[in-house]
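J.: After the C-alpha cells below, expect a handful of questions from me.
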Amino acid sequence: QKAQRYEAVKWVMVFAIGVCTGLVGLFVDFFVRLFTQLKFRVVQSSVEECTEKGCLALSLLELLGFNLTFVFLASLLVLIQPIAAGSGIPEIKCYLNGVKVPGVVRLRTVMCKAMGVLFSVAGGLFVGKEGPMIHSGAVVGAGLPQFQSISLRKIQFNFPYFRSDRDKRDFVSAGAAAGVAAAFGAPIGGTLFSLEEGSSFWNQGLTWKVLFCSMAATFTLNFFRSGIQFGSWGSFQLPGLLNFGEFKCSESDKKCHLWTAVDLGFFILMGIVGGLLGATFNCLNKRLAKYRMRNVHPKPKLVRVLESLLVSLTTTVVVFVASMVLGECRQMSSTSHSGNDTLDLQGMSEDVNSSIKTFFCPNETYNDMATLFFNPQESAILQLFHQDGTFSPVTLSLFFLLYFLLSCWTYGISVPSGLFVPSLLCGAAFGRLVANLLKRCLECVYVWERWALAGSHLQALFPSSYIGLDHIYSGTFALIGAAAFLGGVVRMTISLTVILIESTNEISYGLPIMITLMVAKWTGDFFNKGIYDIHVNLRGVPLLEWETEVEMDKLRASDIMEPNLTYVYPHTRIQSLVSILRTTVHHAFPVVTENRGNEREFMKGNQLISNNIKFKKSSILTRAGEQRKRSQSMKSYPSSELRNMCDEHIATEEPPEKEDLLQQMLERRYTPYPNLYPDQSPSEEWTMEERFRPLTFHGLILRSQLVTLLVRGVCYSENQSSASQPRLSHAEMSEDYPRYPDIHDLDLTLLNPRMIVDVTPYMNPSPFTVSPNTHVSQVFNLFRTMGLRHLAVVNAVGEIVGIITRHNLTHEFLQARLRQHYRTI
C-alpha cells in the first residue's frame, strides 16, 4: 500500500508539473503579446504619420525608447539571478547529466527567467522564448514536488516524499519535456528531447510519466490560449507558443505538390549548407563567448547591462533603417488577404494591424523587408512559410545576413534568450531564397524550351515536368531551410525531427526533415560541436557523453582512478571529521580500516582504535561465515586465507584465540606500518608509505550525512559503548534535503572534539565498485547508466586502491591519460 501510494503521488506530481509549466508559458505569451502590440501600434502609427511630415527620426526614437526600456528591465532581472541569462538549456542538460549547477532550479531563477524573457522578446532582440520555457519547466519540476523554497523560507509543508536526487532528476526530466511541449505543441518531441539531450538514467516508467507531463502542459496551454484569444473555451486551436500553420496546396492548383522525390536532392544540399552555416554560427559565437569571459564578466555587473543595451541599440537601428531603406515594394498576390487572415488566426490578435507592412509602398503592394523585420518573429516565420506573395532575393539575402550576425551577437548577453526561433527564422529566409532561385531557374528552363524546341518533336519528349520541377512549393523549402540551419546550430536529430513534424502537423514531411537534419548534423560535426555543448565546455562542466571512443578500451580503471584518497574510519573523532570536511571539497568519503601488523598492541588502552579494529574483524568474520556456507553447499573447501577461520569459527562471540588467528592471518599478509592512529586525519606531510598503505574498504558516506551527524550531535564519548550513540531515522537524515547545512557554518563551540562518531549505521555498505583491471568502457557505462557520482576501485582482497568521479571520465581527461599511456608504451 505504501508503494502504491508513493506511485499515485508521483503521477499527481507529474500532472501538476505539466499544468504549472503550461501556465508559465501562458503568462509569458500573454505579456509578450501585450507589450509587442503596444509597441508596434505606437511605432507603426508614428511611421505612417511621419512618412508625410518627414519626421522618421522621431519614430526611431520612440522604437528605441520601448526596446531599451524592455532590455534594461531584462538585464536587471539577470543581475538579481545571473543563472537566468541565456536559454538555460546547457544548464538543464548538465543537471540531467548528473552535474549540480548552483541555483539552476531555484524559484528565484524561474521568476527572473519568465519575466526576463518576456522583456527581452518584447524589446526587439533577436531571441526566442522557447528555450527559456524548457528551463522554466525544469525548475517547476524540481521545485514543485519539494513543497519548499529557499526564497520562501516561511512556507513549509510536511511532505515526506521525493527526498532524493534521483526523484528530483526524474521530475526535472518531466519538467524539461513539458517546456518543449508547451513551446512547440509537441509532447512526443518533448519526451524525446528529454531523453536525447539530458537524462543519463532512464527507464520505461519514466518515459510514460514524462509523456503524460508533456501532454498535460500542451493541453493546458492550448485550452487557455484558445479561450483567451478566440473566446471559444475548449476548442484547442493553439497547441503551442510557436505554430507553423498548415501546409497545403491550393485546391485550384492541380500541379501543386508539397515535395517530390527530386526535391530530396535539393534538401540534401540545403542540409550541407545548413551544417556549414551552423558551424560558422557556432564558431563566431564561441569566439564572442570567450571574449565576454575575458573582458566583460570580470568587470562590474553594470558593464553587462551596458553591453545588452548596446546590442539592443544596434539591433533597433538596423531593423528600422533596413525596413525603411532596403525594402522593395512587391505586388500582393490575389490570395494575400485571405492568407493574411489565416496568419492572424494562427499567431496575431485581431487588434494588431495586418502582418503585411506597406511602408512607403503604393496600393496593392507591400514592403517585403518591413514585413519581415517589423513583425514578431513568429509572424515573420509564418510569412516565409505561407505567404503567397514573393520576397525579393536581394531582400532575403540581406535579411538572412543581418539576422545571422545580430542573432549570433545577441546569444550570450546578460538577458534570458532562446535560440530556436531566431535559428528557424534565419533558416526559413535561407530556404525561401533557395525556392526563389529555383523558380527563377525554372522560368529560364521554360523560356529555353519555347525558344530552342519550338515546333520540334523534342519538346514533347523533354518537358520540364519530366524531372519533377514543374512546380516549387516555397513553404516546403522555407521549412527545410529552417530545419537545416537549426540542425546545424544545435545538432539535435531525433527530438528535433519529431518537434518539427508535430509543429507542422504534416507527417509527409518526416522523411525530408529527417534527412536534412542528419546531413546538417554530420556536416557541422566535421567542424565543431553544437552550440549548447560549446557553452557547456566553456564553463568547464564535466559532461559525460553517451559512450566512449573505441580506443579508450586500451585504458583500465587503474589508469584513470584517483589513488590519493581522503577517507574516514568507522569510528572517528569529531576533530578529525571537522578537519577533513573543512580542508576538502569532496562529496563522499570511503569508510576504511587500516591493515596493521601489531593490532593487538594498538587496541590496548585506546577505545577508539579498539572499536575500529573490532569492526574490521567482524567484517572479516562475516565474510568467513559466507565462505563457510558456500563451501558446505558446494561440498568443497574455501580457497582463501579465511579457511582457518571458516573451520574454527563456531561461537558467535569472539574468544581470545580467534583474535590470535586473525592476528596471524594479518601478519602473514602485511608488514607493520607506521604508528598512525585512526583519529588522525589524512595529512599532506604523510610519506608515500603512509599514504598508500593497504585499506580495507567498508562503504561510502556522503559529506551531507557527516555534516548532519555533527549538527545533530550524533556521537559518543570514549568511555562509553558505541551503542550509546543516538540513532537518526532516514526521514531525519533527509529532513534538510536538498540544502544541507554547510560545515563552515557549524558552531564548533557546541562540539567536544574528543567525542567519537560511529558512521557505520549511515554509510552505504554496498556501493558500486569495479576492479582495477576493468576496461574504461565498462566503467563509463556503469557510471553513466546508474547515475553515479563516485565509483570505488577495489582489488581482489577488498582493499580500496582508488576512486573514480565524473572528472576522471570526461573526454579531455581520458584523452590525456591515453596520450600518457602511449608515451609509457
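The first residue you see is number 1, and the count goes up from there.
Backbone N, Cα and C define each Cβ position, glycine as well.
So TrEMBL has the following annotated:
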DOMAIN    763-819  domain 'CBS'
TRANSMEM  12-32  transmembrane segment
TRANSMEM  68-89  transmembrane segment
TRANSMEM  110-128  transmembrane segment
TRANSMEM  171-194  transmembrane segment
TRANSMEM  264-284  transmembrane segment
TRANSMEM  305-326  transmembrane segment
TRANSMEM  394-412  transmembrane segment
TRANSMEM  419-438  transmembrane segment
TRANSMEM  476-501  transmembrane segment
TRANSMEM  507-524  transmembrane segment
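What's the neighbourhood like for these features in this structure?
T.: Over the domain 'CBS' (763-819) the predicted model carries a mean pLDDT of 89.
The list of residues near the transmembrane segment (12-32) in space but at least 6 beyond its ends in sequence, with Cβ under 8 angstroms from a Cβ of it, reads 110, 114, 117-118, 121-122, 129, 132-133, 136-137, 140-141, 144-145, 162, 171, 174-175, 178-179, 181-183, 209-210, 212-221, 224-225, 228, 241, 376.
Listed as Cβ neighbours of the transmembrane segment (68-89) (distance under 8 Å, sequence separation of 6 or more from its ends, same chain) are residues 35, 101-104, 106, 108-109, 111-113, 115-117, 119-120, 122-125, 131-132, 134-136, 138, 197, 301, 304-305, 308-309, 311-313, 316, 411-419, 532, 535.
Packing against the transmembrane segment (171-194) from elsewhere in the chain are residues 13-14, 17-18, 21-22, 24-25, 92, 95-96, 105, 129-130, 133-142, 144-145, 162, 206-207, 209-211, 213-218, 220-222, 238-243, 420, 492, 494-496, 498-503: each is 6 or more residues past its ends and has a CB under 8 Å from a CB in it.
Same-chain neighbours of the transmembrane segment (264-284): 404, 408, 427, 430-431, 434, 438, 477, 480-481, 483-491, 511-512, 515-524, 526-531, 534, counting only residues six or more beyond its ends whose CB sits under 8 Å from a CB of the stretch.
Non-local neighbours of the transmembrane segment (394-412) in the same chain are 86-87, 125-127, 277, 281, 284-285, 288-289, 292, 311, 314-315, 318, 322, 326-328, 368-369, 372-373, 419, 422-423, 425-426, 429-430, 432-433, 436, 531, 535; each lies 6+ residues outside the stretch with a CB under 8 Å from one of its CB atoms.
Using a Cβ-Cβ cut-off under 8 Å and counting only residues 6 or more beyond its ends in the same chain, the transmembrane segment (507-524) has close neighbours at 247, 258-259, 263-264, 267-268, 270-272, 274-276, 278-279, 282, 476, 479-480, 483-485, 487-489, 491-493, 496-497, 500-501, 530.
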